[in-house]
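Below is one structure, written out as structure tokens; the observations come after it.
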Amino acid sequence: MIPPITYDGRHLLADLYGCPVLDDVALIDAALRGAADSAGATVIGLHLHHFGEGQGVTGVALLAESHMSIHTWPEHGYAAVDIFLCGARHDPAAALHVLCRYLSPARISQNLVRRGDVSELAREADGQKLER
């Protein structure tokens with residue numbers, strides 16, 4: 001009997017449209033920190049770059065559990081967000097919910113990708129032959 005597939009990481013990709021404020025570095029900082037906290041993640045470091053007055057912000061939060069990133073285009077009201085969290089107790093959907101509270105998008109498109117089939121790794125460790 002083959003055990004069920006289990007994944008260690010979830011990578012949530014989200015496009016946020018119709019965001020009214022995307023050039024405020026302090027807002028983006030607070031949004032990323034709040035998102036990490038709500039997901040139960042630990043921020044190891046956070047780096048933001050503001051491209052200038054009225055222009056976008058790019059930010060990366062390095063987490064003990066993986067990472068979050070955001071790239072904003074205020075001229076289009078658009079933000080691209082990646083939330084990659086490892087471990088079942090960390091919730092990328094909770095992180096996205098908090099980001100949306102800060103950024104107030106009119107519309108969201110999202111895709112969840114499961115990363116790291118750890119059940120396959122366990123079978124390999126047990127010496128079971130895997131079909132490729």
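Backbone N, Cα and C atoms are what each Cβ position is placed from, and that goes for glycine too.
The model shown is predicted, which means the values in this text are computed figures rather than measured ones.
Taken from TrEMBL, the feature pyruvic acid (Ser) applies to Ser66. Reduced to three states, the DSSP call for Ser66 (pyruvic acid (Ser)) is strand.
TrEMBL lists Ser66 with the feature active site, schiff-base intermediate with substrate. The Cβ of Ser66 (pyruvic acid (Ser)) lies under 8 Å from the Cβ of Gly9, Ala41, Phe84, Leu85, Cys86, each on the same chain and at least six residues away in sequence.
Within 10 Å of the C-beta atom of His71 (active site, proton acceptor) sit 16 other C-beta atoms, taking all shown protein chains into account. Annotation note: His71 (active site, proton acceptor) sits in a strand segment as assigned by DSSP. What TrEMBL records for His71 is active site, proton acceptor.
Mapped onto three states, the DSSP output places Cys86 (active site, proton donor) in strand. Per TrEMBL, the feature active site, proton donor maps to Cys86.
The local packing around Cys86 (active site, proton donor), expressed as other Cβ atoms within 10 Å of its Cβ over all shown chains, amounts to 18.
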